[in-house]
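Feature annotations, reproduced from TrEMBL:
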type: DOMAIN; residues: 68-516; note: domain 'Major facilitator superfamily (MFS) profile'
type: TRANSMEM; residues: 71-92; note: transmembrane segment
type: TRANSMEM; residues: 104-123; note: transmembrane segment
type: TRANSMEM; residues: 135-153; note: transmembrane segment
type: TRANSMEM; residues: 192-216; note: transmembrane segment
type: TRANSMEM; residues: 236-255; note: transmembrane segment
type: TRANSMEM; residues: 330-351; note: transmembrane segment
type: TRANSMEM; residues: 378-398; note: transmembrane segment
type: TRANSMEM; residues: 405-424; note: transmembrane segment
type: TRANSMEM; residues: 430-452; note: transmembrane segment
type: TRANSMEM; residues: 464-486; note: transmembrane segment
type: TRANSMEM; residues: 492-513; note: transmembrane segment
Amino acid sequence: MSLNDNPPTVGTDFDNHGKVIPTVEEHDSASSLGKGEIFSLESVDPALNAKMHLVNNAIDEIGFTGYHYKLFVLNGFGYAVDSLLLLLQSIVSGQVVLEFRPKFHAGLTIAAYLGMLLGAIFWGFGADIIGRRTAFNTSLFICSIFAITAGASPNYASLGFFVWASAFGAGGNLVLDTAVFLEYLPSSKQWLLTLMACWWGVGQLVAGLIAWPFMSNYSCATAGTCTKANNMGWRYLWYTCGSLVFLMSIARITVIRLKETPKYLLGEGKDEEVVDTLQWMATKYNRPCSLTAAELMACGVVGTSKSRKGKFSINEVMVHLRGLFLTKKIGWSTTLVWLSWTLIGLAYPLYNVFLPQYLKSRGAETGSDSNYIVWRNYAIIQMCGIWGPVLAGVLCEVRYIGRKGTMVIGALVTMAFFFAYTQVRTAAQNLGFNCAITFCLNIYYGCLYAYTPEVMPSAHRATGSGLAVSFNRIMGIVSAVVGIAANTSTSVPIFICAALYVLMAVVAALFPFEPQGRRSA
């Protein structure tokens with residue numbers, strides 16, 4: 001394919017010196033090669049805009065390959081680890097408190113969220129500065145080492161540090177996994193980014209199934225009789241899950257051998273490496289790829305690679321921050337996405353904090369003394385959560401619903417179940433509503449996970465997604481503190497949290513971009 005062979009997609013213009021400049025014209029077509037991008041950067045970086053269109057054409061020309069199947073699984077590991085670690089500290093917290101008797105019982109929760117917060121910021125900026133590949137290959141390895149070490153903690157303070165460090169390693173996974181997968185996906189398969197969120201539920205299910213025998217059979221009953229010798233269950237859990245994460249990190253390096261993503265290389269001005277990567281994939285899977293380095297170079301030099309004073313500098317950070325507000329529409333989109341992550345980060349953890357005590361104060365019998373029933377119910381709830389993103393993946397491709405409509409539906413239905421949940425009085429009702437809420441919430445969450453990187457400019461995608469996730473983590477810390485200080489028996493906070501889901505639906509409806517039928521830019 002040459003520039004002159006496809007005039008409806010790429011045209012030509014001339015600069016003041018008579019040099020030919022390829023330009024991109026946005027349009028819709030039934031053909032994937034004719035799809036327009038989600039947004040145009042023609043007014044701020046015409047060279048990058050033109051090159052992005054050519055690269056998207058090449059990715060669509062290659063299509064979906066075995067490489068993408070591997071990415072779906074190995075990137076999904078990152079989702080699973082993120083949820084597994086957050087749940088792990090929650091599962092072990094009670095037994096850890098019995099053994100170490102700390103004065104502040106929410107320490108592990110705050111350590112985990114703080115690690116996730118700093119990890120999201122560090123790996124987010126890092127993936128835009130040093131590249132996706134380096135961050136992708138190292139984050140899980142760091143996480144696994146500290147997770148294994150956490151099991152040998154001699155006291156509460158050291159455990160808090162290891163929880164923080166392992167969470168720091170895992171904190172960028174939601175950022176890296178979506179960016180890497182999206183930047184290789186053909187446009188017809190972008191809905192798989194929403195489906196990939198099902199790995200979140202898989203991680204929680206695995207954590208629960210591993211915890212079941214350990215926490216049931218190797219845990220002390222009271223603080224007075226609790227010693228390391230009779231309370232090894234939580235340690236075995238950290239050893240096992242940390243080892244599992246270690247195997248995942250090795251698989252990322254040996255199974256996929258990730259090459260740097262073409263769209264990151266494009267923003268760095270490495271046109272020849274972009275073509276080499278795409279040609280390698282096309283050759284390996286016997287697919288066509290007609291893109292050449294000459295075509296990309298003819299588009300000019302991209303703005304993100306022109307005026308940099310150094311990779312590791314404040315100027316570099318500011319380049320990526322400003323890149324999230326290149327136009328008023330992109331800036332508005334970025335702001336609303338960050339607001340959505342903030343709202344969900346506050347509403348869901350707070351609901352979990354207040355609801356059990358509220359139901360108990362109303363005489364509800366929602367629990368069980370049987371370990372079997374407790375862990376059986378947990379497994380059922382997490383199994384339901386896996387299917388929320390599956391439905392979201394279907395809905396987001398339905399005409400007139402799309403990503404925005406899917407998030408609106410998910411938020412409103414979750415809100416309805418949250419309000420109804422306050423009337424629960426029996427264990428069976430508790431299980432049923434937990435399943436329904438977990439399923440519906442993951443419809444919203446799964447779509448938001450995918451929507452966030454889709455509407456971020458590629459050169460600044462990891463930064464934007466990382467900051468979005470960091471706002472979510474900040475609210476997790478806030479919820480832990482509020483849960484300790486606030487009155488947990490009143491219904492007011494519950495209704496406030498449920499009402500936040502209405503606000504989430506409104507925000508989703510106000511999003512300026514609908515990625516359905518469009519290609520990431």
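All residue numbers here begin at 1 and follow the chain in the order shown.
Even glycines carry a Cβ here, placed using N, Cα and C.
TrEMBL does not curate its annotations; it predicts them automatically.
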Next on the checklist: Contact between the transmembrane segment (464-486) and the transmembrane segment (71-92) is defined here as three or more C-beta pairs under 8 Å separated by at least 6 residues; is that satisfied?
Outcome noted: no
Next on the checklist: Quick check for me: are there 3+ Cβ pairs below 8 Å between the transmembrane segment (192-216) and the transmembrane segment (430-452), leaving out pairs under 6 residues apart?
Outcome noted: yes
Next on the checklist: Under 8 Å for C-beta pairs, could you tell me which stretch among 135-153, 236-255, 378-398, 405-424, 464-486 has the largest tally with the transmembrane segment (330-351)?
Outcome noted: 464-486
Checklist outcome for this item: Ranking 236-255, 405-424, 430-452, 464-486, 492-513 by Cβ pairs under 8 Å to the transmembrane segment (104-123) puts first 464-486
Item to check | For the domain 'Major facilitator superfamily (MFS) profile' (68-516), mean pLDDT (0 to 100) | outcome: 88
Checklist entry - Mind checking which residues reach the transmembrane segment (430-452)? Cβ under 8 Å, same chain, six or more beyond either end. => result 79, 174, 178, 190-191, 193-198, 200-201, 337, 340-341, 344, 348, 359, 364, 366-367, 377, 380-382, 384-389, 391-393, 395-396, 403-404, 406-407, 409-411, 413-414, 417-418, 420-421, 424, 464-465, 468, 504, 511, 515
Checklist entry - Under an 8 Å Cβ to Cβ limit, what residues of the same chain, 6 or more beyond the ends of the transmembrane segment (405-424), are close to it? => result 194, 340, 351, 355, 358-359, 364, 366, 388, 392, 395-396, 398, 430, 433, 436-437, 440-445, 447-448, 451, 491, 494-495, 497-499, 501-502, 504-505, 508-509
